[in-house]
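S.K.: Dropping a structure here in structure tokens format, bear with me for questions.
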Amino acid sequence: SKMPGQDTAAHAYSCCFSQGEKLWGALKITAYVFSTGLLMFTALVNSVSWFTQNTTLSSFWQTAWLKLYNHFEGDEWTIFLLGAALVPTLAFWGFNGILLVADITGKPTFITRYRIQLGKNDPVDTKKLRQAIYTALGNQFLISLPMLVAMFHVMKWWGNTFSKELPTFQWFLVELSIFTVIEEILFYYSHRLVHHPVLYKHIHKKHHEWTAPIGVVSIYAHPVEHIVSNTLPVMTGPMLMGSHIVSITAWFSLALVTTSISHCGYHLPFLPSPEFHDFHHLKFNQCYGVLGVLDYLHGTDRVFRQTKAFERHKVLLGLTPLSESIPETPKRAE
């Protein structure tokens, strides 16, 4: 016969073994992701180094930067406002302007046939859309802009943000990698924080009014969330690195366009897959991050990995919509 507590001990051992196995699996996949990324990054840097050393591309950008710098007579605030605010804002609204035409009119079909959640936003609710646009503009001008003023003084303190000499492209790639990792960490944990029931009700619920998001919804959020989850994760990397204004401009523009892609509701050819974050809006308690590594480590992508959306979570290299090539499994008739 079994001794008292023997079953409990066996269960505890089994749980510990299971947790250890899960941790080991997470460590292996993380090592695989980062080692693969490192190899690709090294190959890219070597290729770029060869390219820039054998072309006049770097001198072209250096000359263009000096012309811009001299045009504004080295006025650092004007240059910072142009690079950190105006250019990224134009990139955001330029990209989303194209998507909004498709959302409102249902044309061109080249875009709308790639809709992820079929039948949703077809066409988009214009009342909800107006509210989203007003909120997005308010966040940009009333929240982001004052934060950029504070950032400007931080960057002046570093001293090399407005240097006449541009950083090398290799160094920009290093910065871009660091910015991405910092954003992933800060966004994942701040995003999970605002999903806490107390904060969700008063703050994050606003963003989740859109269970089928569109591009402009990427910055449709409560002011507190826009500060903590949208803006600080993107700003922190350049501030820690003391980055050049040109690097900041490229990073901010890239961040705004990629978050628009992840919210756009269309899985378009040759662009990053938005399936991961679209699934978050659909289910709420899955896929909190950007890259997905932290979600795997914390098990917050477990349900996602069992869906067709996970199978479709890849770059579409053809013209056939993934909703057609990997359709949902038909529901059984009751």
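Using N, Cα and C of the backbone, Cβ positions are placed for all residues, glycine too.
These came from TrEMBL, pasted as-is:
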type     : residues : note
DOMAIN   : 178-300  : domain 'Fatty acid hydroxylase'
TRANSMEM : 29-51    : transmembrane segment
TRANSMEM : 77-102   : transmembrane segment
TRANSMEM : 137-158  : transmembrane segment
TRANSMEM : 170-189  : transmembrane segment
S.K.: Taking residues 6+ outside the transmembrane segment (137-158), which of them lie with a CB under 8 Å of any CB in it?
M.R.: 76-77, 80-81, 84-85, 89, 219-221, 223, 226-227, 230-231, 235, 238-239, 242-243, 245, 248
S.K.: Over the domain 'Fatty acid hydroxylase' (178-300), what is the model's mean pLDDT?
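M.R.: Over the domain 'Fatty acid hydroxylase' (178-300), the predicted model scores a mean pLDDT of 96.
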S.K.: DSSP says what for the domain 'Fatty acid hydroxylase' (178-300): how many helix, strand, coil residues?
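M.R.: For the domain 'Fatty acid hydroxylase' (178-300), the helix, strand and coil counts are 87 helix, 1 strand, 35 coil.
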